[in-house]
Structures are given as C-alpha cells and as structure tokens.
Amino acid sequence: MAVGVAIQSDGKQYNGRVTLFVLLSCMVAASGGIIFGYDVGVSGGVTSMEPFLKEFFPGVYNKMNEDKKLSNYCKFDSQLLTSFTSCLYIAGLIASFFASLVTRDYGRKPSIIIGGLAYMVGAALGGAAYNIYMLIFGRVLLGVGLGFTNQSVPLYLAEMAPSKYRGAFNVAFQICVSIGYNTATLINYGTVRIKGGWGWRISLAMAGVPALILAFGALFLPETPNSLIQLNKDQEKAKKILKKIRGTDDVEEEFNDLLEASYASKAIQHPFKNLMKRKYRPQLVMSVAIPFFQQITGINVIAFYAPILFLTIGSGESASLMSATVTGIVGSTFTLITVLLVDRLGRRPLFHIGGIQMLISQILIGGIMAANLGDEGGMTKGYALAVLVLICVYISGFGLSWGPLGWVVASEIFPLEIRSAGQSIVVAVNLSMTFIIAQVFLAMLCHLKSGIFFFFGVWVVIMSVFVYFFLPETKGIPIEKMDKIWGEHFFWKRFIDSSDIEEDGKIVNA
C-alpha cells in the first residue's frame, strides 16, 4: 500500500523558461502574502501592549495587574480581546465567496486590486480608532482584503508559473507572509518604546503600506492566459501573453491544453455544485482537509499570541516582542529553504520531515511547561530559553512543510472548471479555522494549560498519516494535467469512472 500512495506521475513538460517578466509579475502578486503575514504579526503584538489594552480592553488590563492570584495561563482570557483578533477572519470567510465570483467572471487581477484597496482602508481606520467599534470595523475591512487576496493570489501564481517550478513560485506567497510577519514584529518592538503610549497606532496603520504597494502594483499586472481564455477574451492576446511569460514562440501544446480546459470550464454553470460531483471528490476532500490541517498544527498559537505566550512564561514586554521576532526570522529562513527543495524533493517528503519536527518540539515544549511553569511565578531563564529554542524548531518544521505547502498543493490540484470555487473553499476553511483557533485559544490556554501543546501534537500525527496515505505527489505535473494523479491513486481512483479518463489521464465529461 505504501507504494500505492507514493505515486510519481511525471506528467507533460511544456516549452519555455522562467522569464524576467513572469518573475516580476509573480513578485508583485505574491506581495499579497505580506498583508496576511503583517496582520498575524501585528495582532499578537498590540494585544500585549499595555497602552492598547488600557484604551480598548481595560478589563483585561486591570485583571492582569490587580488579580495577584490569577493563573499565569488565564491572564489574557477575554472573549472581547480575542474578538479583536478573530473578527477579521469571519469577514474574510464571507468575502472569499464574493471573491470567487469576481475571480471567475472578471479575472484574477481585479480580485487582487479589490483586496489591496479594502485592506488599505481597514488599516487607516485601525490606526485612527478612538473606540472599540471603529477598531472592529477596521478589522472587518482588513478581513475583506484578505478574503480577496488569499483567494486570487495563489491562483495567479499557480497559473503564471512554469509547471517545473510551480512549487517554488507558490512558496513565494508564504515567503511574503513571513516577511509581513517579521516586519510587524519588528515594528511592534519599536513602537512599544514610544513615550505617550500611542505606538500601537503606528503598528496598525503601517499595514496600509504593503496594501498600497499591492493595489498599485496590480494595476500593471497582466491577466493570466488561463483567465483570459476563460473570460472569452481575445485568444490571440492570451497566446501573446503566454509566449511572453514562457519566453518562447513554441507554446502551441500548452495553449491547446488551456483551450481544452476552458471549454470544459464553460460547460459548468454552477462550479460550487459541480465540485460536489463524485469524480471531484479527491479535490473536494483536499480543499477542506489541507487548510484545516494547516491551521490545526497550532501555528497560530505561536503566530498570533507569541508575545502573550512569552509574557505567560515570565518574559517582559520588550523581551516577549523580541522573542516573537526571533521565531519569525527562523520561520522565514526555512521557508526560503523550501523554495530550493519543493520542486526537487517533492511535496510529500517535506510534509513528513516538517511533521516530525513539529511533533517532537510540541511534546518537549508541553513537557517543560508542565514541569516548570505553575499557576504563579515564571520560569527560570534557562527553561524559558529552552522553550524559545524549541518554538524555533517547531516553526522551522512548519516553514518547511505546512506553511508554504498548504498553499502550494491547494492551489495546483483543481481543474480550471472548478478552480475558483475550489480555491474559495480552501480560503473559507483556512479563515474559518483561523477564526476558531484565534477565538478559543486563550480560553484553551487557561483550561488546558501546558496540555494545549499535546493537543496540537496529536493533530500533527493525524495530518501526517493523512498525507502519507491520501495525498499523491504533485511535483512537476502541469496544472492542466493534474487530474491524472487521482486516477492512478490506490484510494481516489475508485471515485473516477474509467469512461471519464482519456489516454493521457485527463478527466473529461465534466
């Protein structure tokens, strides 16, 4: 059975190379990840700043400073405080479905522009907020921006990239997420030192800078050939762009495959309903499972609440923000390493390597906290440093595997006729899980205490087993020929009728 799940389908390789034009286009589009990463980094930082808590969450601030018997694990347990972090993701969840319609009916480029503009306005409101309502409304607009960009950017990258290097191109999105996160933690570390206690305003407002770059830069992006054909645009224009991004005039084979995929796509009137068909069962399961598992790794425990977590174990305010910065830099470094490995080793080996790292580090972190951090007091400096090192090991594993690959695999497995709908499911599940974990983590920390790391460790085991048995290798398969991997898989082939498969492995009769 192990042989059956490790299928390697070589697929077809089209003519072309990596051109400067496609590199620049994908760099601009991938910068959409910066706004996602920035928000994740800035949220945890400002919620650990005392002036911000005084301004908007005085109940949390008073509880921290006045209740001396309060458990270390329960200092920040406030549903209002977690609502500040998590309301963005409900807005993003709803927006992603509207983004699907825009992406399908008007193109990838308009969705990217809309996302950037919405995020800019949300950042401005957050920085200028003078009451909780203005603050939350700004977060909702940030969520709209994320819903649109997270839905469209991975699709844009997957369609523009040469199939041989598609994994590396899609990892660029996660690299930009890491850049955004690191930028936010560094800004938080600087603004917390501003006298007068208004530094958090800079932290929130600065989110508008990468959004401005994205929205302005997207104006100059070409639409993908896949989208131009799907939108009934001039086929010659689509072929011209394809030649330009591939750096060759010999694109007939790839162009014909795009046309074929487009004809199948146009036959589908209701893509979400079509996604429920039996022959698309593998893609439907993956569109739910991959983003679910990506978030249940526990990464948001670190990403959102790293400063709060380090405050819990006894670090000072500045030290906790710096610790969050260190962990972010480690994650970025290993995501860069993934760029070099993803199209050489493949997706599956990196999932396994990263899963082992995450599991071991989570068990050790939970053990150290269980043995050395009670309800009162803090850890000794040595144990606190050990936790920081282990968190870095955990994040390096995530940076090698579920961080970038959760977006890479999810963006490359859908045929064109269900691609925008499938990606919307991916984004919706991702944001739903992000919302749930952001909303319940502080309460879970209060009740489970150190056991929360064992909780997420169990999920890492489950998801690693899932990848081993149910996720075939997608390395090097052209995006419009991805269907064949399901027809060859020992489990998924039972959902695909032989009459639906051509000689080259492509699923037909949509």
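The backbone N, Cα and C atoms fix where each Cβ goes, glycine too.
If you look up TrEMBL, you'll see 18-38 (among others) marked as transmembrane segment.
Annotation comment: TrEMBL describes 25-475 as domain 'Major facilitator superfamily (MFS) profile'.
Taken from TrEMBL, the feature transmembrane segment covers 80-99 (among others).
Residues or ranges marked as transmembrane segment by TrEMBL: 111-130 (among others). Here the transmembrane segment (111-130) has long-range neighbours at 29, 32, 35, 56, 95, 99, 102-103, 137-153, 156, 201-202, 204-208, 211-212, 214-216, 218-219, 221, meaning same-chain residues at least 6 beyond its ends whose C-beta is under 8 angstroms from one of its own.
With a threshold of 8 Å between CB atoms, the same-chain residues lying at least 6 positions outside the transmembrane segment (169-192) that come near it are 26-27, 30-42, 45-46, 49, 153-154, 157-158, 160-161, 199-200, 202-203, 206-207, 210, 303, 306-307, 317-318, 321-322, 324-325, 328-329, 331-332, 335-336, 338-339, 342, 399, 403-405, 407-408, 411-412. Summarising the annotation, TrEMBL assigns transmembrane segment to 169-192 (among others).
If you look up TrEMBL, you'll see 198-221 (among others) marked as transmembrane segment. Remote same-chain residues near the transmembrane segment (198-221) are listed as 25, 28-29, 31-32, 34-35, 38-39, 42, 45-46, 49, 51-52, 55, 109, 112-113, 115-117, 119-120, 122-124, 126-129, 138, 142, 145, 149, 156, 180, 183-184, 187-188, 190-192 (criterion: CB distance under 8 Å, separation of at least six residues from the stretch ends).
Under the heading transmembrane segment, TrEMBL lists 284-313 (among others).
Under the heading transmembrane segment, TrEMBL lists 319-342 (among others).
The annotation transmembrane segment is assigned in TrEMBL to 349-371 (among others).
What TrEMBL lists as transmembrane segment is 383-409 (among others).
Residues annotated as transmembrane segment in TrEMBL: 421-445 (among others).
Feature annotation from TrEMBL assigns transmembrane segment to 451-471 (among others). Taking Cβ pairs closer than 8 Å, the transmembrane segment (451-471) reaches residues 1-2, 5, 285-286, 289, 293, 296-298, 301, 347-348, 351-352, 355-356, 358-359, 362-363, 365-366, 369-370, 402, 409, 441, 444-445, 491-492 in its own chain, all 6 or more past its ends.
Mean model confidence of the domain 'Major facilitator superfamily (MFS) profile' (25-475) amounts to 83 (pLDDT, 0 to 100 scale). Between the transmembrane segment (349-371) and the stretches 80-99, 383-409, 421-445, it is 383-409 that has the most C-beta pairs under 8 angstroms. Long-range neighbours of the transmembrane segment (421-445) within the same chain, counting only residues 6 or more positions beyond its ends whose Cβ lies under 8 Å from a Cβ of the stretch, are 73-74, 76-79, 81-83, 85-86, 89-90, 92-93, 96-97, 99-100, 103-104, 143, 146-147, 150-151, 154-155, 271-272, 274-275, 283-284, 287-288, 290-292, 294-296, 300-301, 304-305, 308, 312, 406, 410-411, 413-414, 452, 455.
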